[in-house]
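Take a look at the structure below.
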Amino acid sequence: MEETFTCDSLGEACPDLATILAINRYNESWKDDATWILTSSFVILTMQSGFGLLEIGASSAGNEVNTMLKNVADILFGALAFYCVGYGIAYGDPSNSFMGLGDFFPDGDTDAAVKSGILYSRYLFQLSFAATSATIVSGCIAMRMRFEVYCLFAFYAVVIYSFVAHWVWADNGWLLQRGFHDFAGGSAVHLHGAVNGLVAILFVGPRRGRFDGSRPESDFEESSPTSMLFGLFTLWWGWIGFNCGSTFGITNDKWLVAARAGVNTINASAAGGMFAMIYSKVRSRGKYIHPADVVNGILGALVASSPTCACVHTYDSLAIGAIGSLFCNWTNDYLIKQRLRLDDPVGAIGVHAAGGLWGVMAVGLFADKNLPGLDLDVSGLFRGDGFELMGRQLIGLAAISGWSLLTMPPFFYIVGILFSRDWKNPRKGLRHEFIQMDRFIHGCTEDPTDKITEEITKALQSRDQRYGTNNTNSRRSILLSAPNPYQSHVLTLDDTGDSKTADGASLSAPESAREIAIENAGETIYTPKTPTIADQVVHSWEMSERTL
């Protein structure tokens, strides 16, 4: 027999039959809505793997495990924070316009099954948003933040995100009450996460040699564009769940909004990707279509679609995506790297800050209050209602950005002091920068003998082809690191293959050489472009001086 619900199942007294029937209809609709919400939550949580793949592709080799573990930390510590305090701050009852004051450690009522089901489905969906906001920062500080610091950050970031979520989406949130519109988190998730990342970059600083010319630009190129593209696909399809799921159901008119949001999401990303290809071609003067430009352009368009996907026409989404893509890539290439000289390995600031800013402002331009299922009292500037909606949007952008700038610096300063024990230099406690974080921090190793032999053989062949096998003036030197990662030596090989260090001790080249560059009479003739044992031994770029 099909279960029926009474007012008592909701913990209420039953006043009359009409009320019971109305509540039963409400309960039945929530079955469908909860299924939609839970399915969307599963899809959104898979975006964590997409962020991880994107970040390891944009990072230097030897940092893959460290990067992925930071994304794991986002779920572990973020979920704990959201359960303990985050959900209560964001959606707790009772509440005021600034924050929720109840429902901490949420647990359903066994005497009100439907109410518990609603709570659980909402909780899981909102957790997926909170984790996404936190994980944006892991790309900004890739390869140089202490892992323990990041774990603490993942907890703290979800707590401060919850205040913003309350302002934007809770029924009595002060921004929502003032008519601010952000359908799927362009400001609350993406802009907020990007400003957090900007503060983190300023505190930890750039990677060694990033802007001072002491290391070649090739050291900072993407290690695996293929991983970046695979991460893009995972994020791309996850974004559909992100935007469509923000209807919180499919009953009544919600399915109309979800369908429109899906089409607008795809349209924006398609236009953004096309314009990203054009941008890349122009920037390289017709030579290349660089995968990083395409990836970030599409992601920037998707971020711009998040606040707008429910409230604009499908043709408007094309313009929103195209502009978002160009704004994102311009921000990364010229503003962040060249003007501000900030080290953002994955381009997260351009994607999430520029994309979020533009998307929220685009609501004030393109929104149409007459679209089916939409709860807006005013349209945007291009729909004839003037600047009223734009004014609301700008207030929201200022408030959310200001909240991040207010709450993040104290965290990094205090945690930096705790780890460094130096109140004048908190950066010292925040940073861990090694060529190979995976080996030095996480103990991930492999036998490098075959790689060493292969690299040395290629180098010797390159030398012989260039200078001839009878060149008696030739000398081959290999920069070698000792077992202590804070020391380095030059290993000199003669034509017989014997090797000695600078102090004359004999070594076996295939077992001990950690090559960076092989020289002939002072001229570099071979520099390995792929990870070698030089990375495996882990030179610390924190050391003040290398012994050569």
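The backbone N, Cα and C atoms fix where each Cβ goes, and this holds for glycine too.
The feature transmembrane segment is assigned by TrEMBL to 34-54 (among others). Within the same chain, residues 67-68, 71, 74-75, 117-118, 121-122, 124-125, 127-129, 131-132, 135-136, 138-139, 227-228, 230-242, 244-245, 247-250, 258, 295, 346 sit at least 6 positions outside the transmembrane segment (34-54) and bring their C-beta atoms closer than 8 Å to a C-beta of that stretch.
If you look up TrEMBL, you'll see 36-419 marked as domain 'Ammonium transporter AmtB-like'. Averaged over the domain 'Ammonium transporter AmtB-like' (36-419), the predicted model has a pLDDT of 93.
Annotation comment: TrEMBL describes 75-92 (among others) as transmembrane segment.
Marked as transmembrane segment by TrEMBL: 123-142 (among others).
As annotated by TrEMBL, transmembrane segment applies to 149-169 (among others).
Residues 129, 132-137, 139-141, 144-145, 153, 157, 161, 164, 303, 306, 341-344, 348-349, 351-353, 355-357, 359-360, 397, 400-401, 403-405, 408-409, 412-413, 416, 426-427, 430-431 of the same chain sit 6 or more residues outside the transmembrane segment (189-206) yet have a Cβ under 8 Å from a Cβ within it. Positions annotated as transmembrane segment by TrEMBL: 189-206 (among others).
Summarising the annotation, TrEMBL assigns transmembrane segment to 227-251 (among others). Through the fold, the transmembrane segment (227-251) approaches residues 29-30, 32-34, 36-37, 39-44, 46-47, 49-58, 122, 125, 132, 183-185, 257-259, 261-262, 264-266, 269, 291-292, 295, 298-299, 302, 305-306, 309-310 of its own chain, all at least 6 residues removed from its boundaries and within a Cβ separation under 8 Å.
The feature transmembrane segment is assigned by TrEMBL to 257-279 (among others). Packing against the transmembrane segment (257-279) from elsewhere in the chain are residues 36, 183-184, 236, 239-240, 243-247, 250, 289, 293-294, 296-298, 300-302, 304-305, 308-310, 312, 314-322, 324-326, 329-330, 371-374: each is 6 or more residues past its ends and has a CB under 8 Å from a CB in it.
TrEMBL lists 346-367 (among others) with the feature transmembrane segment.
Packing against the transmembrane segment (394-419) from elsewhere in the chain are residues 146, 148-149, 152-153, 156, 160, 163-164, 167-168, 175, 178, 180, 182, 187-188, 191-192, 195-196, 199-200, 203, 357, 360-361, 364, 425-430: each is 6 or more residues past its ends and has a CB under 8 Å from a CB in it. Sequence annotations record features per position, and here TrEMBL assigns transmembrane segment to 394-419 (among others).
Marked as region 'Disordered' by TrEMBL: 493-512.
Tertiary neighbourhood of the transmembrane segment (75-92): same-chain residues 45, 48, 99-106, 122-123, 126-127, 130-131, 134, 151-152, 154-159, 161-163, 165-166, 169-170, selected by CB-CB distance under 8 Å and a gap of 6+ residues from either end. Remote same-chain residues near the transmembrane segment (149-169) are listed as 70, 73-74, 76-78, 80-82, 85-87, 89-91, 95, 97-100, 126, 129-131, 133-134, 137-138, 141, 175-176, 180, 182, 187-189, 192-193, 196, 200, 396, 399-400, 403-404, 407-408, 411, 415-416, 419, 429-430 (criterion: CB distance under 8 Å, separation of at least six residues from the stretch ends).
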